[in-house]
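Q: Below is one structure. I have some questions about it.
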Amino acid sequence: MATGWGSLLQDEQQLEELARQAVDRALAEGVLLRTSQEPSSSDVVSYAPFTLFPSPVPSSLLEQAYAVQMDFNLLVDAVSQNATFLEQTLSSTVKRDDFTARLFDIYKQVLKEGIAQTVFLGLNRSDYMFQRNTDGSPALRQIEINTISASFGGLASRTPAVHRHVLSVLSKTKEAAKILSNNPSKGLALGIAKAWELYGSANALVLLIAQEKERNVFDQRAIENELLAWNIHVIRRRFEDVFEKGSLDQDRRLFMDGREVAVVYFRNGYMPSQYSLQNWEARLLLERSCAVKCPDIATQLAGTKKVQQELSRMGMLEVLLPDQLEVVARLRATFAGLYSLDMGEEGDQAITEALAAPNQFVLKPQREGGGNNLYGEEMVQALERLKDSEERASYILMEKIEPEPFGNCLLRPGSPPQVVQCISELGIFGVYVRQGKTLVMNTHAGHLLRTKAIEHADGGVAAGVAVLDNPYPV
């Protein structure tokens, strides 16, 4: 799977000159983050970390990941509508995981009152790594699906130009032409626009739920700017603002500062630390409204690790997607080994196997945002502590994917160019819109490649571990 950057990575002087050019081009293209010192202000910004060269990705796996994305959209949508499945699947988790329990309480409250929204919007990102088979061939393995606040669609739209620039500087025009065009921000915005249109109120707004301190604001602005070009206005508010100034009328239409809201787009609300009591109240208010939530609470629950693990059970996909054998086969071909840690024989067996071969497993809690998973010695310690406790039901075990490493050069603000052995994670953005029971849009919206040094087990770009990248099809 090698590409020929090998010799380039050995010329230190040339790398430094290329790095300067690449960084200037990244800044010019808008591959930007706010600084960790000033996360609430755009007065001082820097470039988002990225690789100097695009990284090798097998063309066949890239095609497979794109081909299965519409199937994953169908699956997430089916899970979100299946109250029995969600209730049964999460029954043990909600007893031991407070965050999932709070989300589930809101879900039950909304079901009891009756779901007011009639249009449903999914913007997700399915993430994969390339497992090295025993015969040396690579295979696509799903790591997770992000159903809330799937990020970096905006910045990923701006990185291809940077890598084309680097390769053009090296007079590698043929290689530069192989870098795929990619515009997830437009595709994600098209989904929001469709949901806004179906909501049917020309003056209604899109409400983006933002964090107080948001370094990744330019990624979000890319989507806002696409919407504004179609005369759809976006307002950015925090949960606290919704608590203070949000209201529902008698038809459960949502108003913010007195203006009607058609679509609520969450770029916050996926981690326990993002909720105070007021924020939970605000989330309930939003969920009770007839505004289109992206995601609604059921779709957020559909993205939990526990649901992912249950979906991998033999026969489960057939129940959720009846009479869709080809869809089921495409989905199942991407699944890694996933194991329940619920109390009982099955969970005991999984723990025994993981303790016997800790390098072959990852321990995952029900969390988003990166940096939460446990590996190796840390995993062993956690399993020893958890094995006789019901708390273990709030985790799942997953087979550890072992991709083939490759060389690249990582560029980070304030650090010299770093030539290291790397592995990549490929994300495909999915977009779907459903009105009542009718799917009116189901598509993919581009890709995201993130790359990190092999010594970093866990964590994404926002967590400071991975950097932005582009696939170089091989």
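A Cβ is built for glycine as well, from the same backbone N, Cα and C atoms used for every other residue.
Just so you know, TrEMBL annotations are computer predictions that nobody has curated.
Annotation source TrEMBL lists substrate binding site at Arg125, 148-151, 214-216, Gln220, 267-270, Arg450, 461-462. The ATP binding site annotation in TrEMBL covers Glu144, Lys305, 364-373, Tyr375, 398-401, Glu425, Lys452, Asp458. For Glu144, Asn146, Glu368, the entry in TrEMBL reads Mg(2+) binding site. The domain 'Glutathione synthase substrate-binding' annotation in TrEMBL covers 205-302.
Give me the local environment of each listed feature.
A: When other Cβ atoms within 10 Å of the Cβ of Ser151 (substrate binding site) are tallied across all protein chains shown, the result is 19.
Applying an 8 A CB threshold to same-chain residues 6+ apart, the list for Glu368 (ATP binding site) reads Asn146, Ile148, Ser149, Tyr270, Met271, Gly303.
On the 0 to 100 pLDDT scale, the model's mean across the domain 'Glutathione synthase substrate-binding' (205-302) is 97.
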Q: When you put Glu144 (ATP binding site) at the centre and draw a 10 Å sphere around its Cα, which of the binding-site residues Ser151, Arg215, Gln220, Asn268 have their Cα inside it?
A: none
Q: Hey, for the Mg(2+) site built from Glu144, Asn146, Glu368, who else sits with CB inside 8 A of the CB center?
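A: Close Cβ neighbours, site residues excluded: Arg125, Asp127, Ile145, Thr147, Ile148, Ala150, Tyr270, Gly303.
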Q: When the number of other CB atoms within 10 A of each residue's CB is tallied over all shown chains, which of the binding-site residues Arg125, Lys400 has the maximum?
A: Arg125
Q: Round to the nearest Å and give the CA-to-CA distance linking Gly371 (ATP binding site) with Asn268 (substrate binding site).
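A: Cα to Cα, Gly371 (ATP binding site) and Asn268 (substrate binding site) are separated by 17 Å.
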Q: Looking only at the domain 'Glutathione synthase substrate-binding' (205-302), what are its DSSP counts of helix, strand and coil residues?
A: 41 helix, 26 strand, 31 coil
Q: Using Cβ-Cβ distances, find the residues under 8 Å from Asn268 (substrate binding site) that belong to the same chain and are at least 6 apart in sequence, listing them in sequence order.
A: Ser149, Ile209, Ala210, Gln211, Arg238, Phe239, Gln274
Q: Are there any residues in the same chain, six or more apart in sequence, whose C-beta is under 8 angstroms from the C-beta of Gln220 (substrate binding site), and if so which?
A: Gly154, Leu208, Ala210, Glu214, Arg236, Arg267
